[in-house]
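First the structure, in the form of structure tokens, and then the observations on it.
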Amino acid sequence: GLSDGEWQLVLNVWGKVEADLAGHGQEVLIRLFKGHPETLEKFDKFKHLKSEKGSEDLKKHGNTVETALEGILKKKALELFKNDIAAKTKELGFLG
């Protein structure tokens, strides 16, 4: 797994991704399909795309993927925040 510091780096970058989930998700899928064409076999509706950039379905699916990832990252961000607050309150003597 990632260290807390590595998670923080991911979360710091996520703000840029979050601004355009659908666009970034579409780009991730395009790169996946170009770099690993065999993965297209898992996606019947994308097998015969003529133009990935112009595909509204691909953009929608990219948004779905990025939204799911966003949920995971926000959960981790909350966990890191909670741990940080707990450590600070203990450091200040508020916890036994």
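Placement of Cβ uses the backbone N, Cα and C atoms for every residue, glycine included.
A quick note: this is a predicted structure, and the numbers were derived from the prediction, not measured.
Residues or ranges marked as domain 'Globin' by Swiss-Prot: 1-96. Summarising the annotation, Swiss-Prot assigns phosphoserine to S3 and lists similarity to another entry as the type of evidence. The annotation O2 binding site is assigned in Swiss-Prot to H61. What Swiss-Prot lists as nitrite binding site is H61, and the listing cites similarity to another entry. Annotation source Swiss-Prot lists phosphothreonine at T64, citing similarity to another entry.
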Exercise. The residue listed as 'phosphoserine' to T64 (phosphothreonine): how many Å between their Cα atoms?
Worked result: 26
Exercise. For H61 (O2 binding site), which residues in the same chain are close in space, meaning a Cβ under 8 Å from its Cβ, but six or more apart along the sequence?
Worked result: G25, L29, F43, F46
For this session: Take the Cβ of T64 (phosphothreonine) and count every other Cβ within 10 Å, whichever protein chain it belongs to.
Result: 13
Seminar exercise, completed: DSSP puts the residues of the domain 'Globin' (1-96) at 75 helix, 0 strand, 21 coil
Problem set entry | Arithmetic mean of per-residue pLDDT over the domain 'Globin' (1-96) | 88
For this session: Provide the number of Cβ atoms within 10 Å of the Cβ of the residue listed as 'phosphoserine', excluding the reference atom itself.
Result: 8
